[in-house]
Amino acid sequence: MSSVLRILLRRLGISVIVLIGVSMLIFAIARIIPGDPARIALGPNATAEQVVMIRTEMHLDEPIVAQYGHFVADVLRGDLGTSLYTNRPVTTDIAEFLPATLELVIFAGILMVGFGLPLGILAARHRGRWPDHVVRVLTLLTVSAPSFVWAVILMLLFAFYLPLFPVAGRLDSAYDITRVTGFLTVDTLIAGNFGAFLDALHHLVLPAVALALSGIGQAARLTRANMVETYDKPYIEMAEAYGFFPSRIARRYAFKPSLIPSLTIIGLDFAAMLGNAFLVEAVFAWPGLSRYGVAVILRKDLNAIMGTVLIIALTFLVVNIIVDLLIAFLNTRIRHSTRGAT
Amino acid sequence: MTRALRIIASNPMSLAGLLLVLLIVAAAIFAPWVAPFPTHNTAVIDFAYANQGPSARNWMGTDLVGRDIFSRILYAYRISLGLGIVVLIIAAPVGTVVGLLAGYLGGWTESVLMRLVDVFLSIPPLVLAIAVLGVLEPTLTNAMIAVTVMWWPWYARLVYSIARSEREEGYVLAAEVIGAPTAHIAFREVLPNCLPAIITKMTLDMGFVIIIASSLSFLGLGVQPPTPDLGSMVAEGARYLPDSWWMTVFPGLAILLAVFGFNLLGDGLREVLGVDE
Amino acid sequence: MSALLDIRDLRLGFKGLRGITEVLHGIDLAIAAGERVALVGESGSGKSVTARIILGLLQEARAARVSGAVEFDGRDISTMPARQRAKLRGTEMSMIFQDPTSSLNPTFTIGRQFAEVMRRRQPEMSREACDRRASEMLAEVSIPDPARVLSAYPFQLSGGMNQRVMIAMALVNHPKLLLADEPGTALDVSVQALTLRLMHDLVERHGTAVLFISHNLGVVREFADRVYVIYRGRIVEEGPTRALFDNPGHAYTRALMSAVPRITGAGLPEVPEVSDDFLAPMVRHTGGAA
């Protein structure tokens with residue numbers, strides 16, 4: 001286990017550097033804003049007096065380095081400032097909207113892995129034959145449209161023409177569920193309301209599929225490419241020479257060794273869904289971070305913009321660390337016994 | 001070149017991609033001449049034909065103020081392709097130079113540059129563009145800036161990984177031994193070996209830039225009305241689902257078609273140029 | 001005497017862009033039960049594809065066109081359904097490959113791979129029983145610490161060790177026929193010689209018939225009862241090892257022999273030049289086992 005720990009520490013070290021960089025980047029973005037942030041914060045009708053006051057309050061009268069210092073100090077204290085849009089602390093807003101987004105992204109991630117990998121395995125196993133061609137065209141199609149186009153098409157087909165799924169929202173208003181985690185699939189179970197749980201799942205299907213489609217395509221294409229390379233290895237021929245079933249060879253001999261190189265990219269695709277969630281949420285009126293994000297951006301609500309981006313970057317980093325650890329763990333399960341043996 | 005064309009033409013999927021791309025580029029270039037209603041790229045109002053489904057007069061229907069959707073899609077292709085070209089023309093060289101310097105020089109330069117790249121890559125691409133656009137005014141130019149800012153690091157990473165392995169190759173060592181200037185080795189010896197990968201990525205990226213740009217305008221952060229843009233057309237139409245389905249479906253399919261074409265072509269190029277996935 | 005393996009007029013073509021390219025032009029080859037037979041030729045002469053046809057692997061490749069009879073244990077493999085063929089592999093016949101380390105699955109332990117192979121014959125076999133049986137087999141190939149090897153991954157073992165593992169694995173199900181495709185060519189010379197001797201003793205004890213494929217006449221001399229020499233998809237000479245070495249009848253065999261040092265050498269023997277004599281009719285030494 002010690003090597004996993006070492007990788008974790010190294011990864012955390014890099015993450016800290018990257019996070020410092022991200023904070024600088026976000027700070028820089030906030031400062032390239034044309035015009036005076038104080039004026040934007042106050043709106044066009046502010047008096048000169050108010051402007052001076054808010055300038056002092058926002059430390060805008062201090063040198064840029066000091067401003068960055070204040071920004072970092074505030075962030076470390078968990079203070080992301082107050083949103084001009086909602087008039088509440090940005091952290092409160094994020095705590096309210098982030099779980100809905102995470103729930104959506106996690107379900108989409110499950111779909112991505114659950115459908116993408118098997119499709120890739122299928123294509124690789126029948127490489128050069130018709131299942132391969134079909135999967136190739138289908139996956140190329142799914143990666144060729146932004147998630148909001150899939151969202152609109154799915155909504156039209158499966159919510160309007162075939163009313164199989166709800167059009168919008170997370171839960172039927174008939175249910176009243178106490179908020180604990182913010183994940184409705186979890187909260188409904190905590191409340192012991194199984195009907196509400198199914199309703200929450202029912203609401204999740206279309207948005208999650210819309211969000212996952214391009215990820216499914218990417219995961220399938222990647223898995224296929226890595227597996228086709230593995231199929232040329234001598235141990236595949238050996239497995240064939242020993243008469244193992246083709247399906248067994250595909251799963252155990254061609255897929256397993258190609259999983260590790262695929263994982264990094266799949267992790268990146270998963271994290272990219274955090275961005276695409278903005279689009280899907282907009283279509284399905286999903287009350288997640290996106291509606292908040294777009295609203296604060298259109299209002300030039302600096303604190304809220306910086307806070308939202310920071311939280312998303314943080315989530316992104318955490319996902320990547322988890323993926324790296326998973327890879328390290330899979331690798332060490334092999335390498336661990338090395339030291340015992342030689 | 002002719003050999004490359006022959007290989008692409010021998011694969012039906014790559015050929016389809018090439019034809020699709022040519023078709024869309026032609027549609028964009030000749031939009032003012034081929035669009036049935038060449039004035040509908042502006043704030044024209046024609047209430048007599050407002051909100052009508054596909055017909056012989058308007059193949060893809062009309063929008064709320066009576067503008068022809070098909071004509072507007074052709075004009076929107078101009079915006080999408082133009083934006084894609086500008087973004088890649090800036091992002092690819094910038095990223096290439098950064099990646100080349102980091103990969104070939106190594107040491108100090110490598111650490112600083114690649115950490116910088118890591119920083120940009122650790123914000124989901126769309127979110128970074130949204131953030132940049134959030135503080136700038138939502139215009140076409142600013143959308144280009146935002147997308148370029150999020151795009152160059154990917155080229156830096158690609159070129160970096162190739163340059164780093166090329167650094168150890170015999171021809172580079174030989175050039176170093178005879179005392180060739182560093183810039184010469186980096187740009188004349190190492191860079192040509194990165195080109196196939198860069199060209200393939202640029203083709204595939206045309207599709208992705210179209211996706212990102214339309215996503216931004218879908219959120220209302222890109223091109224502003226009345227200029228037609230595929231993303232904002234979908235967003236506008238989405239409010240009138242399911243009755244006025246043509247307002248969203250056709251612009252949506254237009255995005256799909258264009259990106260699909262670039263992806264097919266990019267896949268074909270990858271085979272021709274022998275680039276790893 | 002009825003042969004375990006009887007190949008008659010075997011032809012193989014590959015469908016390419018310009019029609020079918022024939023690789024084997026009608027091969028006859030027979031192996032009796034328990035007999036050790038070598039098939040010798042340059043790379044590209046068609047010896048490896050022959051082994052893959054016997055295993056029934058090439059019949060499943062789309063571009064391959066196989067004709068002729070391949071009778072194994074009285075049944076014609078080439079007319080068998082694919083499933084039946086697959087049933088024979090790993091049970092009635094097995095194969096040893098050129099590069100032992102890369103031919104073993106890098107993500108499984110040796111013990112697990114043994115179990116996979118043994119369950120081809122006895123699907124219900126427990127892992128403990130598999131490990132016990134595998135240990136016995138590993139002891140037979142002179143591996144001193146079977147338990148350690150069983151829990152190791154292939155890349156943790158030396159090439160010579162993996163070679164022995166592969167031999168043990170190939171014989172664990174008591175196959176009637178073992179195909180050995182250039183075994184150990186990837187290893188260094190002394191290790192190769194050692195493992196070949198080991199394999200020789202083992203198949204003798206188990207009474208396994210072997211088709212030993214090699215480009216190296218020197219290696220074959222130590223190992224085989226009978227030799228076939230193959231050149232460009234045709235058998236050019238066949239006979240008992242002794243007779244063939246003492247009195248090589250075909251021009252190509254003589255060229256091959258003069259190109260190869262008599263010791264067990266590694267590396268590809270290059271036949272110096274191509275001569276029209278190489279296309280002369282086949283030489284058959286009588287008095288052989290077949």
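The backbone N, Cα and C atoms fix where each Cβ goes, and this holds for glycine too.
TrEMBL annotations: computationally assigned, not manually curated.
Model, not experiment: these values are computed from the prediction.
So that you can see what the record holds, here are the features copied from TrEMBL:
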type: DOMAIN; residues: B:77-266; note: domain 'ABC transmembrane type-1'
type: TRANSMEM; residues: B:12-35; note: transmembrane segment
type: TRANSMEM; residues: B:79-104; note: transmembrane segment
type: TRANSMEM; residues: B:116-136; note: transmembrane segment
type: TRANSMEM; residues: B:142-160; note: transmembrane segment
type: TRANSMEM; residues: B:206-224; note: transmembrane segment
type: TRANSMEM; residues: B:244-265; note: transmembrane segment
Between the stretches B:12-35, B:79-104, B:116-136, B:206-224, which one has more Cβ pairs under 8 Å with the transmembrane segment (B:142-160) than any other? B:79-104
Folded-back contacts onto the transmembrane segment (B:79-104), same chain, C-beta under 8 angstroms, at least six residues removed: 24-25, 28, 110, 113-114, 116-117, 140, 143-144, 147-148, 151-164, 166-167, 182, 185-187, 190-191, 194, 198, 201-202, 205-206, 209-210, 213-214, 223, 227-230, 255, 258
Residues sitting near the transmembrane segment (B:116-136): Cβ under 8 Å, six or more positions beyond its termini, same chain? 98-99, 102, 142-143, 145-147, 149-154, 156-157, 160, 212, 215-216, 219, 221-222
Mind checking which residues reach the transmembrane segment (B:12-35)? Cβ under 8 Å, same chain, six or more beyond either end. 41, 68, 70-71, 74-75, 77-78, 80-82, 257-258, 260-269, 271
